């Protein structure tokens, strides 16, 4: 049996399917298992794209109809990205009870615990960067933010190379260049998932926040990948442990979200922002019911997004996960223009952004297909 490095790996979407690091699933003769490889990637991609689109559209809806004279919802908007994790508890607990699992997989091994602690810290910093950006987002044009935040692709490439020891080829760089183009051309389009309102004056400190968010998001994905890799290696060296399944993705999201939710709720209470929520609801131009629906919708959509993004990290890599995240921006831009700005029509910049995004994802899918085909050829030789 041929060994493999921690490069691109597949995992089936069923929660009880095992994932092995030393035995690539592409070497199996089970055609159903090979088909499930692509089903996993497709489902996770759909979840990531759908979740981000809905969350950004509802976020835009919120900023369009909130009382702009009141600077509220700074931490609340950030809290919505993690507070919806209870919807994941049902499938997680059902699997936990059916399989009679006695220990949480992500807490297996000392090395995983060390990187989990780092992951919690990075996610907390990233969320507070998001909170600060929510406070100053009216002071920076969305075009500037988009161009700055696109650098997360570069940071993910660097962190994956040195933290996950992943090898890249020319198709990887082509995919990333196209993804950068997709993000860059999105800056010429109208308010892609961000408030329309903006001031022309802004400081370098605000731009540094965008850079910080990009760095911490990239680092977060790579550390999560590292935790998965070490968990798989730990299970391989243990004779009495089964290989981790896709349920570990839910496990990771639930406990990360739980910790960050507690911290953000405490921050909301300390800052007194919870007193402003009732007033914000009353001044919401579409009414209090629409306000509640918007908040709940965002919380659910963000959890859908996280399942897709972390699922792609587990099934493929942090780089591919980030490519999907960035390539969703042109879709959000088009939907925002269609739903909220009827006088803004499809233009050449949106066409280039969508085309570059499609080509970027296609190139990375070709990489996965080519590596799978090479493994099949080696297994038969």
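Just so it is clear, glycine is given a Cβ too, placed from its N, Cα and C backbone atoms.
Caution: TrEMBL annotation is automatic and unverified by curators.
Quick look at what TrEMBL annotates:
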TRANSMEM  38-58  transmembrane segment
TRANSMEM  78-97  transmembrane segment
TRANSMEM  117-134  transmembrane segment
TRANSMEM  140-159  transmembrane segment
TRANSMEM  171-190  transmembrane segment
TRANSMEM  202-224  transmembrane segment
TRANSMEM  245-270  transmembrane segment
TRANSMEM  290-316  transmembrane segment
TRANSMEM  348-368  transmembrane segment
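With a cut-off of 8 Å on Cβ pairs spaced 6 or more residues apart, the transmembrane segment (38-58) and the transmembrane segment (171-190) reach fewer than 3 such pairs and are scored as not touching. Beyond the transmembrane segment (348-368), the same-chain residues lying 6 or more positions past its ends with a Cβ under 8 Å from any Cβ of the stretch are 8, 10, 41, 45, 169, 171-172, 174-179, 181-183, 185-186, 188-189, 316, 319-320, 323-324, 326-331, 333-334, 337. Below 8 angstroms of C-beta separation, residues 8-11, 13, 19, 40-41, 43-52, 54-55, 58-59, 61-62, 65, 76-77, 80-85, 87-88, 221, 224-225, 228, 246, 248-250, 252-253, 257, 280-281, 284, 324-325, 368 of the same chain, each at least six residues beyond the ends of the transmembrane segment (290-316), sit close to that stretch.
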